[in-house]
Amino acid sequence: MRAGSAGIRAVIIDLDGTMLDTVPDFEAALNGMRHDLGLAPISQAIIKPLVGKGSEKLVRDALLLDWDAARVDAAYTDAMAGYQRHYLAINGDRSTLYDGVLDGLAAMQALGLRLVCVTNKPIAFALPLLAQKGLAPYFEHVFGGDSFAKKKPDAMPMLGACAALDIPPAQVVAIGDSSNDAESARAAGCFVLTVPYGYNHGRPVQEIQSDGIVDSLLDAARRIGAHNATASLTN
Ligand SMILES: O=C(O)COP(=O)(O)O
Ligand SMILES: [Mg+2]
């Protein structure tokens with residue numbers, strides 16, 4: 001973050017791969033769907049790099065491992081309905097919080113920062129998951145992959161989150177695990193911090209253009225607090 005720039009007033013936080021390791025839930029739901037279609041289970045190692053572009057792409061990619069595009073198109077509607085049913089039946093059962101998430105959210109709140117969750121997960125999956133894991137009370141707004149006409153990496157979800165807060169993007173930091181989050185945030189004019197422990201489509205987090213890599217959300221809270229202390233001295 002640029003020294004001397006305006007203080008940060010809000011933080012937009014990604015869900016999958018940033019707050020929760022949800023790959024075990026994706027494994028259960030995708031394999032439930034695949035079983036119904038007569039397909040063998042796939043491993044977490046195969047699933048992990050597929051996560052991040054929303055349910056539609058994930059379901060398609062999980063079928064394209066075995067079938068050609070025409071067959072996937074023909075089965076898609078039933079496959080998606082099955083995937084959603086399986087996902088909602090196990091949502092959160094196998095997912096775990098990353099270290100520093102709850103402490104980091106509490107620290108951000110103590111700094112007076114306003115918090116929004118922007119995920120590519122469908123909103124019908126995201127809301128019960130955040131509630132189950134004790135994360136919902138921290139967020140003023142939650143936007144899913146189907147909350148806007150376009151998903152991350154488009155700027156639209158980040159711009160929508162800033163508009164909902166009525167805060168200019170230049171006073172907002174987005175934190176995520178993937179190039180999706182960073183591209184969306186940069187296109188909107190927000191700062192970007194990345195975490196190194198998530199999915200990033202199977203690519204090293206160091207390849208992402210960002211304002212820094214943080215170890216955890218708690219580390220991010222410390223960085224933002226230090227930035228704001230400097231900004232208040234220079235403004
Ligand atoms: O594609 C998904 O479902 C997950 O997306 P997220 O990393 O934006 O939370
Ligand atoms: Mg993510």
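First residue shown is number 1, and so on along the chain.
Note that Cβ sites are derived from N, Cα and C of the backbone, with glycine treated the same way.
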**Prompt:** Which of these, D154, D166, D177, D211, does TrEMBL say binds Mg(2+) at the same site as D14, D16?
**Reply:** D177
**Item:** Other same-chain residues whose Cβ falls within 8 Å of the Cβ centroid of D14, D16, D177, the recorded Mg(2+) site, in sequence order
**Value:** L15, G17, T18, M19, G52, T119, G176, S178, D181, V195, G198, Y199
**Message:** Taking only same-chain residues 6+ apart in sequence, whose CB is under 8 Å from that of D16 (Mg(2+) binding site), what do you get?
**Reply:** T22, V51, G52, T119, N120, K121, D177, G198, Y199
**Request:** For D14 (active site, nucleophile), write down the residues of its own chain that are at least 6 apart in sequence and whose Cβ falls under 8 Å from its Cβ; none is a fine answer.
**Result:** C117, V118, T119, A174, I175, G176, D177, S178, D181, G198
